[in-house]
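Asks: Annotation comment: Swiss-Prot describes 5-70 as domain 'J'. Per Swiss-Prot, zinc finger is recorded for 134-212. What Swiss-Prot records for 147-154, 164-171, 186-193, 200-207 is repeat 'CXXCXGXG motif'. According to Swiss-Prot, the Zn(2+) 1 binding site annotation covers 147, 150, 200, 203. The feature region 'Disordered' is assigned by Swiss-Prot to 352-384.
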């Protein structure tokens, strides 16, 4: 039975990048590793098959030959795959060190004492204006910071580390399992290769202590709820001098009493009287930049939208600003004075005449007419 296609084995395309090939191999190596499948012959074969495919596809020269001539071309170079696990672990010791955090055989690399600190997440609330125009905030948080007594080393001042007596400084101990050897983390030094003769009393050998610290956060203009700001190195300090983690600030923006936001655009509503809508007017409206004049054109209809370009929210990743959209609402009064009634009635009379219709008076208009007629008759009777 002929060999399977190497790309098919790893589950990648012929255009896959080196990183994609490595990622695919890691997945298969984890799945079919002998330690996870003891005594499973099928898994052993799949493990070897994946290793052979990776050996070819991660090597630029072998990959070029394979892409051009296939398996036959590789045989011409003397490549015949791996004979057993020892060949695989010997060839890919550094790869397995990266994949599994431990090595195989005596070639495994020792771990360093330092370990990076964890990342932190902080929730920060902003006003609407702060989110739109940007601001600077000072936040205070409790976190692990570098021990000032030992300067992060974990050792009592004046003392130093010594080589671990168990692993002799390698950070690993070798365990034999069948026909291959596995290097596991040394439990005495936790893989560090060194032990403290006299741990720092302030931090108990950790190289860091929990402290309160303040951090300045620069919030750029145009952020919104859900935006995350990354502050490199402002997370937890590393263990025994390791690099610090990062601080992620998650933003929450409070709503505005007048404006609503959608992306970089702002929306609001203004109310005008029906007389202003008919005749037009000049009114003042609030904007994020201060008050400004808004001209209501004669005959403005309810629901009309007026747009002001460039008066919205500054674009977070770009130049310029969004737009401001103003919707006009026309207020209809529920109570009017007799004088207003006369004017509106006359206006309606004109409108009806223009369209050839007869004016129908409002109920309260008829009542007023009856009252006026009655008063006139009473006046005539009094005179006689």
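Placement of Cβ uses the backbone N, Cα and C atoms for every residue, glycine included.
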Asks: Would you list the other residues of this chain near Zn(2+) 1 - those whose C-beta lies within 8 angstroms of the C-beta centroid of 147, 150, 200, 203 - in sequence order?
Replies: 148, 149, 151, 152, 153, 154, 155, 156, 199, 201, 202, 204, 205, 206, 207, 208, 209
Asks: Helix, strand, coil residue numbers for the repeat 'CXXCXGXG motif' (200-207) per DSSP?
Replies: 0 helix, 0 strand, 8 coil
Asks: So are the repeat 'CXXCXGXG motif' (186-193) and the repeat 'CXXCXGXG motif' (200-207) touching or not, going by 3+ C-beta pairs under 8 A with a sequence gap of 6 or more?
Replies: no
Asks: What's the number of neighbouring CB atoms sitting within 10 A of the CB on residue 203 (Zn(2+) 1 binding site)?
Replies: 23
Asks: What counts of helix, strand and coil residues does DSSP assign across the repeat 'CXXCXGXG motif' (147-154)?
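Replies: Per-class counts: 0 helix, 0 strand, 8 coil.
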Asks: How many of the residues that make up the repeat 'CXXCXGXG motif' (164-171) does DSSP mark as helix, as strand and as coil?
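Replies: Secondary-structure breakdown of the repeat 'CXXCXGXG motif' (164-171): 0 helix, 0 strand, 8 coil.
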Asks: Restricting to the chain of residue 147 (Zn(2+) 1 binding site) and a gap of 6 or more, list residues whose Cβ falls under 8 Å of its Cβ, or answer none.
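Replies: Residue 147 (Zn(2+) 1 binding site) has long-range Cβ partners 154, 200, 202, 203, 206, 207, 208, 209.
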Asks: Counting other Cβ atoms within 10 Å, pick out the least crowded of the binding-site residues 150, 200.
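Replies: Comparing Cβ neighbour counts within 10 Å for the binding-site residues 150, 200 gives 200.
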